[in-house]
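Peer 1: Dropping a structure here in structure tokens format, bear with me for questions.
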Amino acid sequence: MRLSLFLLSALSPVAPNTFNLPIGVLMDYSREESIKTALRFGMATFNNKREKRFTLTDETLLLPMDNSFKVGSAICSLLQKGILAYFGVHTTNTLNTVKSYSATFNLPYITSAMAVNMTNQDKGYDLYIRPYYVRAILDLIRHYSWKEVYYFYSSNEGLERLQQLFDVATEDSYLMRTHVFRVQGADDVHKTLQRLDSTKSDDKRILLDLPTLECQKVLNMENNSPKGIKHFYMLVGLGMNEISVPIFKTGGLNVTGLSLIDYNNKVIKKVIVEWNKFLTFQRHVTSSEMEYDVHTAIPVDMALIIDSIFVMGVALGTIISNNLGHRGTTRNVEFYKNFAESLNCDAEPIQVWRHGSDVMKSLREINVSGLLTGNIKFDKFGLRRNYRLDVMEVSLGRALAKIGTWDSELGLLIQLPTMVRQKGNNTIANKTRIITSINSAPFLMNKLGDGWIGNDRYEGYCADLTKNVAEIIGFDYVIKPVNDSKYGSNDSGTWDGMVGELLRGEADMAIAPLTITADRESVIDFSKPFMSLGISIMIKRPSKEPPSVFSFMNPLSYEVWMCVIFAYIGVSVVLFLVSRFSPFEWHVEENQEGMAVTNNFTIFNSLWFSLGAFMQQGVDIEPRSMSGRIVGSVWWFFTLILISSYTANLAAFLTSERMQSPIESAEDLAKQTEIKYGTVEGGSTQGFFRKSTIPTYERMWAFMSSSDPQVFVKSTDEGVNMVREKNGKYAFLTESTQNEYTNQRKPCDTMKVGGNLDAKGYGIGTPMGSDLRDRVTLAVLELIEKGELANLEKKWWYEKGECSQEGTPKKQEATSSLKLSNVAGIFYILISGLVLSLIIAAIEFLHKTRLEAKRRKTSFTRAARTGARLSLTGQPHETLSSDDTPETQPPEVPPNMSMSTYSYAPGGQLVGIDGYGDTNMQTQV
């Protein structure tokens, strides 16, 4: 009853002689409930101060705040109602619209939207109650020395904030590599991180620019991810205190963020009490579910709205006090009539609110302390100044704690608190613990020889892990292998294996290769994963492929060899043609039969020249003409690249051991029926396929469950033996850790193919409510941080391995044949050179024909026909007809010449030939 009376009085007029001051509110449909709740609380709280001479009222409009046209129309509607200032949360699309309308009509606008850097702009009528804090983010990044970050954002505002971060980093000359991802929500972030972890499993620095609820979901998912606990997270928003952190303080997640609200402040605590009362009343009155639960902190977005109401109320109250003083009610009403004006956006000339500049000045000069988001002051550009942010962090063994502050004037100041572990149940029962495990190499094995007693009878990864955990926590233990040699499943309605022993109280802890699954975690507790793994495929190592007689051809694909042969023939033919048509390849030689016109590049000589160049050997002939030399040059370049590539690839083929594997992935298994495959019966791998909804895995499960004889095995050793005995006709689906270990053991005849089919982890199991649960998790994380678990894995998998590194087959793709696309460039160069040589040969022929026609005083056509006859047949001329002019008749034969004459150019170049049937004159082709 008291609560109702208090809130009713807060929501009712406070005095009979007060008057109303209207303020506008632009509210987006998607945030109607949260803005309305904060608006009501802010108005009720402010108006409850009875010394005020006025009451704030709101004119609220619902609209899509990313639509510029509707935002402009809404502002005009508010102006007609005579508002004195207005509040809204614009988007990046409507920022310029709001600024323009506010400046045009002198209407002050206050917003909780993301602040923008306006130091390069003129002063306007907009105020940002949300601080411009990107420098705080950069200072934290610099403090942690992050040089590579992964930035996830889900809105245009996030993209704008990222650009602001880049601008500040550039201004400060801070270099960092940023991987940017736009996501829809938490699921997208989790999937992206899983994909990144599968390719690069190092720890990452992750910036989350998402709504607070989405950040909470991301952290929940990563807290349960085997690899997620290695990463470092920073929340880009200002609501770090809104994150629910108790589940993280023993989970190993490192989360840093900023908080605008100091929840340790006594005034804030009182306001939160009133806030929770208000939410309870609202829920009671409206009989509806609220977006925010009762007894929670005030979300920062709603706190900014509440503070905006107070800022507008204080500024308007200051103006009224300065103008009215203690004058009477009549004068008050008169002032109010002149103070609030109704404006029309369509009026000509433009109407501006004459008191708008006074209100804006009062807002800029405001200095209010004790509000939810701290002290509020504005600079001349409408940005907040003199504000402080708390730097919050949650990490291993520590709940959410303040580790420092960031001041807009002083910058970052880190003061790490003394780490105090949560007390909780600090005592553990003083008794010897029963540790259940399973005989599975290399996790737990019986030592060879007699004389071993107690825990010394066992060795392996889990034996060493148990010893380390016991030393850290401080308890005695006895290792007892599980009776039924099973991990734990509930197929028959009763849990068996190690999980069953924990449930029945037969064991206090399970330290074994026990996979963390949802079904198991619903009945027992797990520590954080001490090893990450996935389901993999084990097959028998295929025998080496016998060498082929023509294995020397392997470095090049068959299509390349065919192209080389065609190129060889084509180059030889082109060389022959250009040599025949180019007059510079023809020359006169004297032999036993007399003078002869010869051309060295017959078709057989052209083939011989091309073959010699391809084999990188010399021949006795070389082209003399420009066109012939171009052909030779491009062919030499072609052979240089081709032979070099062949030699390099041949070396790789000779040094690699090729093995033919029939299976490369789970898809290959699912597509065939010749090779059987199975899992350990009752294990998590079998459960994975039984429950999977992925089509490939569904087909595999149907095949395995219907196979006759049965493909499931009782133990891992039995599965490995089946792989070895079936000679490639059986594939064993098992955890990657077991697969990798077996591949390192003699007789070194097994191998892993393909990638992991899933991602999961091994954890230490304890009964629900065990006094050791949290201590086991902390012990595992301590061993991870010290590198002890990595050393144990190295010790039992590789240092004790019995197979050489050379035994691992190389990937087929590493030494694959060169394809045509790899060497296509040299073919292009070769073809271009051949075409160019043909063109130059034609030019040489035409040029020489023109000169010969002038010398012999004959037509160009006749000279060309003679030259073509010489090029094609080797005959130096065609018989002259009787009607030739005297100028074209051959000169008289000197007495010392036997009816034969020829002209010879210096340097061995043929200029002209005129033969007259001398039997001693020959043409050699």
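Backbone N, Cα and C define each Cβ position, glycine as well.
According to TrEMBL, the protein carries these features:
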type	residues	note
COMPBIAS	872-883	compositional bias 'Polar residues'
DISULFID	Cys76-Cys345	disulfide bond
DISULFID	Cys748-Cys803	disulfide bond
DOMAIN	431-800	domain 'Solute-binding protein family 3/N-terminal'
DOMAIN	432-799	domain 'Ionotropic glutamate receptor C-terminal'
DOMAIN	442-504	domain 'Ionotropic glutamate receptor L-glutamate and glycine-binding'
REGION	865-901	region 'Disordered'
SIGNAL	1-16	signal peptide
SITE	Ile663	site 'Crucial to convey clamshell closure to channel opening'
TRANSMEM	558-578	transmembrane segment
TRANSMEM	634-654	transmembrane segment
TRANSMEM	825-846	transmembrane segment
Peer 1: What residues in the same chain, six or more past the boundaries of the transmembrane segment (825-846), come closer than 8 Å to it by Cβ-Cβ distance?
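Peer 2: The answer is 563, 567, 570-571, 574-575, 577-578, 581-584, 625-628, 630-631, 633-635, 637-638, 641-642, 864, 867, 871.
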Peer 1: Using the alpha carbons only, what distance in Å do you get between Cys748 (disulfide bond) and Ile663 (site 'Crucial to convey clamshell closure to channel opening') once rounded?
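Peer 2: Distance between the two Cα atoms comes out at 18 Å.
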Peer 1: Relative to the Cβ position of Cys76 (disulfide bond), how many further Cβ atoms are located within 10 Å?
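Peer 2: Excluding its own Cβ, the number within 10 Å is 15.
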Peer 1: For the domain 'Ionotropic glutamate receptor L-glutamate and glycine-binding' (442-504), what is the mean per-residue pLDDT, to the nearest integer?
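Peer 2: Averaged over the domain 'Ionotropic glutamate receptor L-glutamate and glycine-binding' (442-504), per-residue pLDDT gives 89.
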Peer 1: Distance between Ile663 (site 'Crucial to convey clamshell closure to channel opening') and Cys803 (disulfide bond) at the Cα atoms, whole Å?
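Peer 2: Cys803 (disulfide bond) has its Cα 22 Å from the Cα of Ile663 (site 'Crucial to convey clamshell closure to channel opening').
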Peer 1: For each of Ile663, Cys748, count the other CB atoms within 10 A of its CB; which of these recorded positions has the top count?
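Peer 2: Selected residue: Ile663.
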Peer 1: Between the Cα atoms of Cys803 (disulfide bond) and Cys76 (disulfide bond), what distance do you get, rounded to the nearest Å?
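Peer 2: Rounded to the nearest whole number, the Cα-Cα distance is 81 Å.
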Peer 1: Of the residues in the domain 'Ionotropic glutamate receptor L-glutamate and glycine-binding' (442-504), how many are helix, strand and coil by DSSP?
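Peer 2: Tallied per class, the domain 'Ionotropic glutamate receptor L-glutamate and glycine-binding' (442-504) gives 24 helix, 10 strand, 29 coil.
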Peer 1: Output, ordered by sequence, the same-chain residues six or more apart from Cys345 (disulfide bond) with a CB under 8 Å from its CB, or 'none'.
Peer 2: Ile75, Cys76, Leu79, Phe105
Peer 1: Have a look around Cys803 (disulfide bond) and count the other CB atoms within 10 A of its CB, chains all included.
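Peer 2: The answer is 17.
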Peer 1: Check the DSSP secondary structure of Cys748 (disulfide bond), expressed as helix, strand or coil.
Peer 2: coil
Peer 1: In terms of DSSP three-state secondary structure, what is the assignment for Ile663 (site 'Crucial to convey clamshell closure to channel opening')?
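Peer 2: The residue in question, Ile663 (site 'Crucial to convey clamshell closure to channel opening'), is coil (DSSP, three-state).
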